[in-house]
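What Swiss-Prot says about this protein:
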- 187, 189, 200, 252, 255, 287, 300: FAD binding site (BINDING)
- 35-48: disulfide bond (DISULFID)
- 37-46: disulfide bond (DISULFID)
- 85-391: disulfide bond (DISULFID)
- 94-131: disulfide bond (DISULFID)
- 94-99: disulfide bond (DISULFID)
- 99-104: disulfide bond (DISULFID)
- 208-241: disulfide bond (DISULFID)
- 394-397: disulfide bond (DISULFID)
- 280: N-linked glycosylation site (CARBOHYD)
- 384: N-linked glycosylation site (CARBOHYD)
- 106: phosphoserine (MOD_RES)
- 143: phosphoserine (MOD_RES)
- 145: phosphoserine (MOD_RES)
- 1-23: signal peptide (SIGNAL)
């Protein structure tokens, strides 16, 4: 990922709801205090505090989650990185070698993942075994039983349903390829400048419910901004309904998380002998230091924690889907598949035990008609953001941008499907609520990225402790 898709975080309006008090900072403060002194206590619109999240994530969840994400089921992600940008034509492709993505060869992918039936449970796999050679899942063989045809068509309909928050890739396209996420990690790539700024600017300016008259703090594509614009922006933000305010904070948190990754896996040394990746303290400070960012950095970090709570809550709500006996993490290796499902359920039950979950019941409450319209606006705005990922000029940035937006979109889909999840049958096909393998892989990897960001904040806090 790019230097500074990346440096954008210094400029673009990642937001929180606290006012800035950095004009009163004293020179004697440490660098850690300038980045983290206001990243503590309770989060806005939540009943949870930063310290509780740190303890839960760093010591109870993070190690097990990383082990799960290293398994075959979660490391291989099918993606189309050749889809054209739907919004503009002048994309400048990053030519740096670190922007490139190395796709998998066919023989590197487990057979169970390559088969068309990987999306479904073991019971469903048996039902649709005869259709694996169909060009698309919807092309149902007429010789199949009526029950099987119904199941396949229901799944196809579901995958294209209006409940989805993302513009899904056509993974049957010849341009779609499997990528090993462990061999193509999210890190600094050198992608920077106006092309990268443009992506985030379009996201914030056109898809976050913000009128053009309201100026975001530290926007590199706007000039002449000052304290009055910042005050106007936060007055506007605080006046939004909780749903729109949350939407902005989710995008801000995602942006902040990406920048933590880039600072933590920065190219420190590049010689013909080796490349050395590690923590770049200066880059982290440029993005999150309270003085250098005029108070924006700590706000952005708090929004990262807000994003963490939203995705954590979604995982706690979807436990019944994964507990169903016919669900499996199907790769074709029965022993490993069973072990990984046990690990998955262990992680999900740990998440469910978290004492201070976000309460999503405040979302889309009130008048039903207005709530439904707001929910649809929410969904369409996020879906548009997922389409913007096809405009990113750095392929590795595009890969991780698409995965993380799909993961967040899947989390939102789960949060707004509570009744459907509650009504799922204990066994057999679930027609009303379903997750594809793409959604499952993106959901857990996206949360893994946020979990990693929270863990890296502890590392940066320690590194900055003795720096002034």
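Placement of Cβ uses the backbone N, Cα and C atoms for every residue, glycine included.
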Whole-number answer please: how many Å between the C-alpha atoms of residue 394 (disulfide bond) and residue 189 (FAD binding site)?
8
Residue among recorded positions 85, 208, 287, 391 with Cα closest to the Cα of residue 46 (disulfide bond):
208
Candidate nearest residue 208 (disulfide bond) in space, where candidates are the binding-site residues 187, 189, 252, 287, 300 and distance is Cα-Cα:
252
In this structure, which of the binding-site residues 187, 255, 287, 300 has the fewest other Cβ atoms within 10 Å of its Cβ?
187
Taking only same-chain residues 6+ apart in sequence, whose CB is under 8 Å from that of residue 35 (disulfide bond), what do you get?
284, 285, 288, 289, 290, 297, 298, 301, 460, 461, 464
Using a 10 Å radius around each Cβ and all protein chains in view, which of these recorded positions has the most neighbours: 189, 252, 280, 384?
252
In terms of DSSP three-state secondary structure, what is the assignment for residue 99 (disulfide bond)?
helix
Counting other Cβ atoms within 10 Å, pick out the least crowded of the disulfide-bonded residues 46, 99, 208, 241.
241
Between residue 200 (FAD binding site) and residue 99 (disulfide bond), how many Å separate their Cα atoms?
18
Cα-Cα distance linking residue 300 (FAD binding site) and residue 94 (disulfide bond), given in Å to the nearest integer:
27
Local backbone state of residue 200 (FAD binding site), from DSSP in three classes:
helix
What's the CA-CA gap between residue 48 (disulfide bond) and residue 252 (FAD binding site) in angstrom, rounded?
19
Just give me the nearest neighbour of residue 37 (disulfide bond) among the recorded positions 99, 252, 287, Cα to Cα.
287
Relative to the Cα of residue 255 (FAD binding site), which of the recorded positions 85, 106, 241, 391, 397 has the closest Cα?
397
